[in-house]
Amino acid sequence: MQSPASRCGRALVALLLACGFLGVWGEKRGFPPAQATLSLLGTKEVMTPPTKTSWTRGSNSSLMRSSAPAEVTKGGRGAGVPPRSFPPPCQRNIEISKTFKYINTIVSCLVFVLGIIGNSTLLRIIYKNKCMRNGPNILIASLALGDLLHIIIDIPINTYKLLAEDWPFGAEMCKLVPFIQKASVGITVLSLCALSIDRYRAVASWSRIKGIGVPKWTAVEIVLIWVVSVVLAVPEAIGFDMITSDYKGKPLRVCMLNPFQKTAFMQFYKTAKDWWLFSFYFCLPLAITAVFYTLMTCEMLRKKSGMQIALNDHLKQRREVAKTVFCLVLVFALCWLPLHLSRILKLTLYDQSNPHRCELLSFLLVLDYIGINMASLNSCINPIALYLVSKRFKNCFKSCLCCWCQTFEEKQSLEEKQSCLKFKANDHGYDNFRSSNKYSSS
């Protein structure tokens, strides 16, 4: 009988071979390269991988040689575009090397496999083990579910767009995919914010013994996280559309944020989208973590003497959870920084009147796809970070992935009982400590 490790190894090899075949198939189909989207509409230069933070920056096309306006069709119907002035043509084409495409495809497949296995295992651990169903772990489960949505939707679409570029999935999927992508990153960001706040609340009420089960406030937090994430993703579903144009005599269909929005709000959203994504989906979790971890540190220093005497073991567990949450936020910042950096650079450095602007766009397009891979890596690296930082999650992953005969509950039952006894003894000792202080002070 084959071991699980050998079966997983063979499955991984088969997936890598399939990825290589996908790369060759995408090149042989004759679709335009990834940079072709930049010349769409004749009046726009766009990077359009529909990622969690996919963006569109309006400007005049660098690849159009004609001064006549391009004909754009929406949903198969022709729509006239008013004549506009065009900047000088680029001195070179925007291109991505085939080597980068193959490397990107292999990395995406690896991230896809690791992310599916890691986040599914994490959700299974929290679902199967009652002792793991507490407030912080339920928020981590919400984070893992958001990451799983991102992996399933985002990585295959981005890989296909890099290799084939044409959008064959129809207008409905064109609106649904960016909506799900933006909702998933909203779940990730707000879950990290809630975890940071939860760690401060745990330290501020440090004498409270952590129980098993989901607190009502945590359940309310999770509902709010998902509702707010879905609401903030609605403009993506409204703004994205199928855009069809001619590219070197061939029809090219692309799913992108429509440059000609119908309402004033959507026009404002299109203009301010990059800064909105950077501020809310990147800076907000970092700022909240910095504020509440600073407050938590001050609280721990203020109560240091009593905590060391009475609740030493309890304090160690809460410090471990706080360290785990901080590690998750740090990984999030490192993984998402390249993607936001590439788009902020385009906003600040791009000059449509510069004939050398396409060299900058070639560099930013590669940096954009590197950032997309790094953002996807964040979705698969969270379970790995939990494995490395948290002893409890490490034991859970070993028990679940290695299929040990002894279940996690059996291995942890004695530890849980001992921990509860220690907590009760510490509570009793702390009460005596407070009583002695009260009588001595009186």
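Every residue, even glycine, has its Cβ placed from backbone N, Cα and C.
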Practice prompt. Would you confirm whether, in Swiss-Prot, Q267 and L361 belong to the same side of the membrane?
Written response: yes
Item to complete: If you have Swiss-Prot open, could you say which of C90, C109, C255 makes the disulfide with C174?
Response: C255
Worksheet, complete the sentence: Excluding its own, the Cβ atoms lying within 10 Å of the Cβ of C255 (disulfide bond) add up to 24
Worksheet, complete the sentence: Cβ density check for C174 (disulfide bond), other Cβ within 10 Å (all protein chains) comes to 21
